[in-house]
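A.B. asks: So that we are looking at the same thing, I have put the structure below in structure tokens.
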Amino acid sequence: MAPTVLHLRSETKPLEHRSALTPTTTAKLIKAGYVINVERSPERIFDDAEFEAAGATLVPEHSWVDAPKEHIIVGLKELEEEDFPLKHLHVQFAHCYKQQAGWDTVLARFPRGGGTLLDLEFLVDERGRRVAAFGFHAGFAGAALALEVWAWQLSHSEPFPGVESYPNEDALISNVKKVLGEGAKKAGRQPRVIVIGALGRCGSGAVEALRKAGLPEENILKWDMAETAKGGPFKEITDSDIFVNCIYLTSKIPNFVSLDSLQTPDRKLSVVCDVSADTTSPFTPVPIYTVATTFDKPTVPVDGLQSGPPLSVISIDHLPSLLPRESSEAFSHDLLPSLLTLNDWQNSAVWARADKLFKEKVATLPPSALKN
């Protein structure tokens, strides 16, 4: 029986340096009998040579389109907006199952070409928990960025400048420590930070970043479901300098903070990092902004405040890309047990659940979307 071939495609989303496979997981897959083809990539945080040293075969960028039908195409973010039908089995985040804008065009490409989508966002175990997610590093990067913005505000009136991915965590933390030290010296104190959702993956990442940056434990307010059960808005948020929201909601609860609650005259809050980035969701507990931010423009101001310091919101939906090496390693490590069953994916419970969901979503497509 021929070995299963996994084809790692080059990412095409701007500023995306992460990877679903790493040299580490590639070596383990090859040891298990898989053949791994890796597209050359100038953007990926891992050098092509690292994959080659792990035993992979380097192939040209975008060559997945012409790969044999039986090859499994592995990626991270969504494909470029094209119209040609897709014939392969694709493992990736596609962002088309929640009826996002253009979802039907994206999803229909798979059944039109006889292909299949196994969406990483909905890859879950028997308890319904995701088998791999980027939450920890989203929280880590978001909290680190929030500290930088707080320090920046103390010496600048103009918006916080654009940011780029860091080569590794040490470089990020080194920079945050430096600017935090300068900010604390100017303010005469360290900032007070409240993290809501502190017990989850995302929240634990945020708390870890604050600790590594040198923030005293007493300056980190760690809240979760028990503390928010009474219902907001919460004065503890406006009494803090920084609020890091790590809660992802699928139903409405009382807001953690609102435009009205921000009008308190003794407000200290000057930075909000909404790691969940539910910018326009009706369920957001942070309805104080409507603009998603980017690495080029990391913050958006909250307008209409009558008193207190200016307030900036960070709402970047791919925060883990700030630490592409570490976040890729963690994600790919967690995904590896499932990747190792791709040679018999139809009989693997995790992939079978993803396939069932794919077929259910395809069944909701309008007939017009399925026409070639």
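Using the three backbone atoms N, Cα and C, a Cβ is placed for every residue, glycine included.
Just so you know, TrEMBL annotations never went through curation; they're auto-generated.
Per TrEMBL, domain 'Alanine dehydrogenase/pyridine nucleotide transhydrogenase N-terminal' is recorded for 7-141. Summarising the annotation, TrEMBL assigns active site, proton acceptor to K77. Residues or ranges marked as active site, proton donor in TrEMBL: H95. Under the heading NAD(+) binding site, TrEMBL lists R129, G200, R201, D224, T228, Y248, V275, I316, D317, H318, L319. Summarising the annotation, TrEMBL assigns disulfide bond to C202-C246.
For the listed features, I'd like the structural context: burial, neighbours, distances.
C.D. replies: Looking at the domain 'Alanine dehydrogenase/pyridine nucleotide transhydrogenase N-terminal' (7-141) alone, the prediction's average pLDDT is 95.
Taking Cβ-Cβ distances under 8 Å and a sequence gap of 6 or more within the same chain, the neighbours of K77 (active site, proton acceptor) are E11, T12, K13, E16, Q92, F93.
Take the CB of H95 (active site, proton donor) and look out to 10 A: across all protein chains shown you find 15 other CB atoms.
Spatially close to V275 (NAD(+) binding site) yet at least six residues away along the chain are A138, G139, G142, C202, A206, V244, N245, C246, L319, judged by Cβ distances under 8 angstroms.
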A.B. asks: What are the helix, strand and coil residue counts for the domain 'Alanine dehydrogenase/pyridine nucleotide transhydrogenase N-terminal' (7-141) according to DSSP?
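C.D. replies: Helix/strand/coil tally for the domain 'Alanine dehydrogenase/pyridine nucleotide transhydrogenase N-terminal' (7-141): 40 helix, 23 strand, 72 coil.
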A.B. asks: Hey, how far is R129 (NAD(+) binding site) from H95 (active site, proton donor), Cα to Cα, in Å?
C.D. replies: 18
A.B. asks: How big is the gap, in Å, between the Cα of D317 (NAD(+) binding site) and that of H95 (active site, proton donor), rounded to a whole number?
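C.D. replies: So the alpha carbons of D317 (NAD(+) binding site) and H95 (active site, proton donor) sit roughly 12 Å from each other.
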